Amino acid sequence: MMKFIFMLLFMIPLSFLNMYFWLFQILYFILFVIFFFSFSYSYYFSMISYIFGCDYLSFFMILLSVWICLLMLMSSEKIYYSNNYFCYFNLVILFLLFFLILTFCSMNMFVFYLFFEMSLIPTLFLILGWGYQPERIQAGMYMFMYTLFGSLPMMVSLFYIYKKFNSLDLYFFYDINLFYLYICTIVVFLVKMPMYIVHLWLPKAHVEAPVSGSMILAGIMLKLGGYGLLRFMKIFLSIGMKINFIIISISLVGGFYISLICLRQMDMKSLIAYSSVSHMSLVLAGLMTMSVWGFYGSFLMMIAHGLCSSGLFCLSNISYERMSSRSLFLNKGLINLMPSMSLWWFLLCSSNMGAPFSLNLFGEIMLINSIISWSWLTFIFLCLISFFGAAYSLYLYSHSQHGMFYQGMYSFSLGSIREYLLLFLHWVPLNLLFMSGGIFMY
C-alpha cells in the first residue's frame, strides 16, 4: 500500500509542470491497474500498519476513487487550455485522492474521522476556485456548515468511546447499546449520503461546482456516508434494530418526494443532483434493514450510482460547453445536432433508471428484496420510487434530445474523441460489472 501513497506524493512536483496534462491521466491509469492486480483478494483485512488495512469493501471504494479522479482530469480539458490555474487544480485532485485512499483504509475510528473531514477541504476548493457563478461561495458554505455541524456530535461520541473503552479500533467493538451514542455517531453519515431533510446542501453544491467537482461529489463523496454506515453499523446492532424504522420511513417517503421534485426541474444538473438523493435514499433504507442482502445491495448501488451519476454530469457539461446553458428549455433537439452523443444520453439515462444490463438493476433488486423482507408495507413506496425513477430519467432524455432545437445558437460542434472516450469509460464498467456481480458477494 505504501507504494501507492508514495506514488501520489511523488506526483505532487509534477503537478506544477503545465505540459504534463496527459501524463497525469496515464499515471492515474497505471495506479489503477497496479492496485487492481496487487490486491490479495482475501476476505479479511490485509494489514498495512497498526491503523491502516484493506479489505474487499475498501478495495472497491479505492478503485472507484482512482477511476473517478482519472475521469475528472479527462473531463477538465477546458481548465487546461484556458490556463485557469491548472497546476493548482491538479494538486487539489491529488490531495483529494490521497485523503480518500487513507479514509477507506482506516481501521481506527479517529483516523477515519480525521481523513473523512479532510476530504471535504479539497472539494470545497474545487467549488470555490473553479465554480461557475458567484453563488458558489454560498454553496460552499452550505456544504461546509452542514458537514461540520453533522460531524461535531461524532467527535464527541468518539471521545466518549475512548474514555469508556480505552480503544478506538474499529474492530474491537461489537455491540454498543446506547441510543445517544448511536445517533451522534451516524448523523454525520446521514448528512453526507445525504438523507432526505439534510439534503439541501447537495443540489446547491452540484449546480455551482465545475464538472470535476460534480463528478467527485456524486461519484465518491456521497459514498463516504454509505461506507461509514457499512463500517459502523455492526457496532450498534441492537439499538439499530430498535430505531432504524424511523430512518427507513424518512428515506422511503423522502425518496418519493424527491422523485416528484425531479420531474419539475429545468436545470439538468439540478435534476441529476436530486436523482442522486433519490437513489441514495434507497441505499440508506436498504442499509438500515441490517440484512445481508441490504448490505450487499447498498454496496452495489453505491458503485453503480458513482459511475452512472458521474457520467450524466459529464453529459450535462458537454451540452453546457456548447450552449452556455443547462436549461432544458434551451437544450432541446440535441439529437439533430449531436446524433452520436444521443446514444450516450440514452445509455446512461437507461442505466440511471435501472434498466438491464446495468449494475443499478442488480443493486435495486437486492435492495428491494431486503426492504420488502423487512416489511411488506414498504412495497408501495418502492414501486413509486422505481416508477418515478424511470419517469425522470425518460423526462431528462426526451426533453434534451427531442423537440425543436434552439434557434438562437450561432455555433455548435460535434463531440470530440476525448468526450466519447470519457463516456465510454463511465458506461463500460457500469455494465460489464453486471456480468461479474458475484465478486461483490464476499
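Every residue, even glycine, has its Cβ placed from backbone N, Cα and C.
Unlike curated entries, TrEMBL annotations are predicted automatically.
Note that the coordinates shown come from a computational prediction; the quantities given were computed from them, not determined experimentally.
Quick look at what TrEMBL lists:
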DOMAIN    1-103  domain 'NADH:ubiquinone oxidoreductase chain 4 N-terminal'
DOMAIN    106-386  domain 'NADH:quinone oxidoreductase/Mrp antiporter transmembrane'
TRANSMEM  20-44  transmembrane segment
TRANSMEM  50-73  transmembrane segment
TRANSMEM  85-104  transmembrane segment
TRANSMEM  110-132  transmembrane segment
TRANSMEM  144-162  transmembrane segment
TRANSMEM  178-202  transmembrane segment
TRANSMEM  209-229  transmembrane segment
TRANSMEM  235-259  transmembrane segment
TRANSMEM  271-293  transmembrane segment
TRANSMEM  299-320  transmembrane segment
TRANSMEM  374-398  transmembrane segment
TRANSMEM  419-441  transmembrane segment
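Here the transmembrane segment (110-132) does not touch the transmembrane segment (20-44). Their Cβ atoms form fewer than 3 pairs under 8 Å, with each pair 6 or more residues apart.
Counting Cβ pairs under 8 Å to the transmembrane segment (235-259), the stretch among 50-73, 144-162, 178-202, 209-229 with the most such contacts is 178-202. Long-range neighbours of the transmembrane segment (144-162) within the same chain, counting only residues 6 or more positions beyond its ends whose Cβ lies under 8 Å from a Cβ of the stretch, are 109-110, 113, 116-117, 120, 124, 168, 173, 176, 181, 183-185, 187-188, 190-192, 194, 198, 200-201. Listed stretches 50-73, 178-202, 271-293 were compared with the transmembrane segment (299-320); the greatest number of C-beta pairs under 8 angstroms is found for 271-293. At the 8 Å Cβ cutoff, the transmembrane segment (50-73) and the transmembrane segment (209-229) share at least 3 close pairs (sequence separation 6 or more) and count as touching.
Counting Cβ pairs under 8 Å to the transmembrane segment (209-229), the top-ranked stretch among 20-44, 85-104, 178-202 is 178-202. When Cβ-Cβ distances below 8 Å are used as the criterion, the transmembrane segment (271-293) is approached by residues 190, 193-196, 199, 202-203, 205-207, 214, 218, 222, 225-226, 229-230, 233, 237, 240-241, 244, 247-248, 251-252, 254-255, 258-259, 261-262, 265, 301-302, 305, 309, 312-313, 316, 328, 352, 364, 366-367, 369-371, 373-374, 378, 382, 385, 388-389, 392-393, 395-396 of the same chain, each at least six residues removed from its ends.
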